[in-house]
Amino acid sequence: EACYNAGTFCGIKPGLCCSAICLSFVCISFDF
């Protein structure tokens with residue numbers, strides 16, 4: 001299953017963000 005890009009809603013399946021963290025139901029990239 002594909003992971004979510006930053007800015008993608010992740011409230012239902014958190015932890016699928018691509019090199020990002022699920023924060024406030026949205027994938028937030030921590031790759032600055």
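A Cβ is built for glycine as well, from the same backbone N, Cα and C atoms used for every other residue.
Per Swiss-Prot, disulfide bond is recorded for Cys3-Cys18 (among others), and the stated evidence type is similarity to another entry. Sequence-distant neighbours of Cys18 (disulfide bond) (same chain, 6+ residues apart, CB-CB distance under 8 A): Cys3, Tyr4, Asn5, Ala6, Cys27.
Its Cβ placed at the centre, Cys22 (disulfide bond) has 18 other Cβ atoms within 10 Å. Annotation comment: Swiss-Prot describes Cys10-Cys22 (among others) as disulfide bond, evidence class similarity to another entry.
The 4-hydroxyproline feature in Swiss-Prot is assigned to Pro14.
If you look up Swiss-Prot, you'll see Cys17-Cys27 (among others) marked as disulfide bond. A strand conformation is recorded for Cys17 (disulfide bond) in the three-state DSSP classification.
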Integer Cα-Cα distance in angstrom, Cys10 (disulfide bond) to Cys17 (disulfide bond):
7
Between Cys3, Cys17, which of the disulfide-bonded residues has the fewest other CB atoms within 10 angstroms in the structure shown?
Cys3
DSSP three-state assignment for Cys10 (disulfide bond):
coil
